[in-house]
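Colleague: Below, the features straight out of TrEMBL:
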- A:37-55: transmembrane segment (TRANSMEM)
- A:62-80: transmembrane segment (TRANSMEM)
- A:86-109: transmembrane segment (TRANSMEM)
- A:116-133: transmembrane segment (TRANSMEM)
- A:153-175: transmembrane segment (TRANSMEM)
- A:204-227: transmembrane segment (TRANSMEM)
- A:247-273: transmembrane segment (TRANSMEM)
- A:285-304: transmembrane segment (TRANSMEM)
Amino acid sequence: MIRTNEFTLAVIAALGFAALAVATDFNLLTAGTLDAFLRFLALPIVIGLAQMVVLAVGQMNLSVGVLTGFCAVASGWLMIDAGLPAPVAVLAALALGAVVGLVNGLLVIFTRINGFIVTLATMTILEGLRYGVNGTGTYQGYSPGLREFGQASLAGVPVVFLLAVAIAVGVALFFRRTVPGRHLLASGGNPFAARLSGISNDRALVLAHTLSGLLAGFAAVIVVAAFGSVNASIGDDLLLPSFAAPIIGGVALAGGMISVTGTVLAAFLVRLVDVSQSQFDINRRWVDLIIGAVVLGAVLLGQFRDKLSGGPR
Amino acid sequence: MKTETAPEAPAVPPAADPRPPARVLPVWANPRLGLLIVIAALVVLFSSLTPAFLDPRLTLAPLQADISVYVVVGLAQLAVLSLGHMNMAVGRMAALSTFAMGLAYDRLGVPLLVGLLLGLAVGAGIGALAGLLIAKTGVNSFVVTLALDFGLLGLVTILYTWATGGVSFAVQPSGLAALRFDTFADYCMGEVCGPRIPLVVPIAVAAALGVGLLFRHARLGREILMTGSNTVAAELSGIPTHRRVVTAHALSGLLAALAGFLLAANNGAFSANIGESFLLPSFLAPVLGGTLLAGGAVSVLGTALGATLTQVIYKGLNLLQFSLEELKLYIGLVLLAALSLDRLRAVLAERRAVSPS
């Protein structure tokens, strides 16, 4: 079923891309447009994966978007106000993301409160902190090296996009090949059975939340590098896309089933809708409407297919 | 300040839990009582820090109006939490409904009440649509309402641009200004017989009483709770669970529409940004009040107290010149602290209750 879902998505993505290329008189395939297309695809991919790793254990992370913004602003502060070199700021952003994720996970296991509520609370706190770093100010003109990295291309492909793909491959290998990755999936699929097999569900929850935070840190690095400036509004519009990508990609909210390829393809589809909006000068709001319809359609289609193939999941 | 919550007390006594009480928990384990104490302590704290907090006209009347809005917002979420569902589109349902109200006042010139009823019908309709999608397909309510929220976000902006060319209706139906500015004191010889309670308060109280009675005494409400508690058992007991899911979501949409109307009355305008700030408070109020996300049990009184607590904190910190973003930090911390304490209290109470028996 996962296979067919990913196959369907790949076909839709390819058809959509071809249709858009034809409709724009192949403007989409010119170096500049294609470059921008892929450059701004990096963030949705990573943010979708950050949500996916907690969905794997049947949790949600509402703080993922705001955490990305917080890490981005914090690394801006480190470079501009604290005068630290870019590599330190990048590592600090990653560490900060992982630590906040760890705190989320620990709160979930120690308070036994639903992860939805815990991350709702930490999201609210992070919104305050994100603003607290620099108020309404914008950090720009930091490390030329980092901004060049954000604009650089390797054989015509933006480096940040390659970074996002590398992260996706890493996440896929983690879930497919490593013991902790398999433990996460086992715990998400059936916590009781996992416990009987000697897997610590608590550890799986903490690990998933920490990973989610770390990926949000990576998303922050991509923002800092590719956007060239950061302020306190970053991350506000990332929450819904973070759910849209995995859900369209066929990841089950109940946990235990993930699809890295599906998530990446879904992020690609959402980006396609985004680009057609700018290419055809459509009202920005139609995009929200269309993405809402696509998410719902994808879910209904999945349900329908399950019914056809017989039996409940 | 407590006036709007006090009348509901008989509607939902602490034992709103539908399951038979196996053990009677001690009084101090009641989260509602804890909330009441925290609210009282905060009121004392804020009024000693800044005397302006007790100013009836500038602080207390607007505070009551705000609380009224967010009590209804909390109830809108509570209506589906009773099933163990979520409504992520609660704000946008309010936005769409208030658009319908604004359009009716603007184009048709209908009286205030007719427009309100029309908007409530739109809210109930869109809620029922969400419920229908969830019941028919069995897809997680979170996903359905999240997608709906995304869709409505686009739709509402497009509709406002189409109907007004901007983001808000200029129309002011007669009676809206009275709802916005007047208190009972304006209608009866100063403060002789009427307290300074804004006119929107009784609307929220009526909504809370209605929802409380529904879940406590009405067959419909009990059936919804049964469905939330154990769908299979409910189905086997002859409850039309699909229809109850639709009903609960329609109720959620209806209450969201009412909250949107109250906010529009408080703001004095039907605008596209109504509902933008509803999502977090909608969960905050019921969860602080002890309603679980698991479904099957609700607390209307707790939701009213939860909404009151959040708004008291907002108002108090606001008067102390905290910025909106700082407020968020503290609200988040309060939420975490309250939930952790609640958890601790529950564990202690369980232990205390187990040992004698």
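Using the three backbone atoms N, Cα and C, a Cβ is placed for every residue, glycine included.
Keep in mind that this is a model prediction, so the values were computed, not measured.
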Colleague: Do at least three C-beta pairs under 8 angstroms join the transmembrane segment (A:116-133) to the transmembrane segment (A:62-80), pairs 6 or more apart in sequence?
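Modeller: Yes, the stretches contact each other.
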Colleague: With an 8 Å cut-off on Cβ pairs and a sequence gap of 6 or more, do the transmembrane segment (A:204-227) and the transmembrane segment (A:62-80) reach 3 or more such pairs?
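Modeller: Contact between the transmembrane segment (A:204-227) and the transmembrane segment (A:62-80): present.
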Colleague: What parts of the chain pack near the transmembrane segment (A:86-109), using Cβ distances under 8 Å and only residues at least 6 beyond its ends?
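Modeller: That would be 59, 61, 63, 67-68, 70-72, 74-76, 78-79, 115, 118-119, 122, 126, 142-143, 145-146, 202, 205-218, 220-221, 224.
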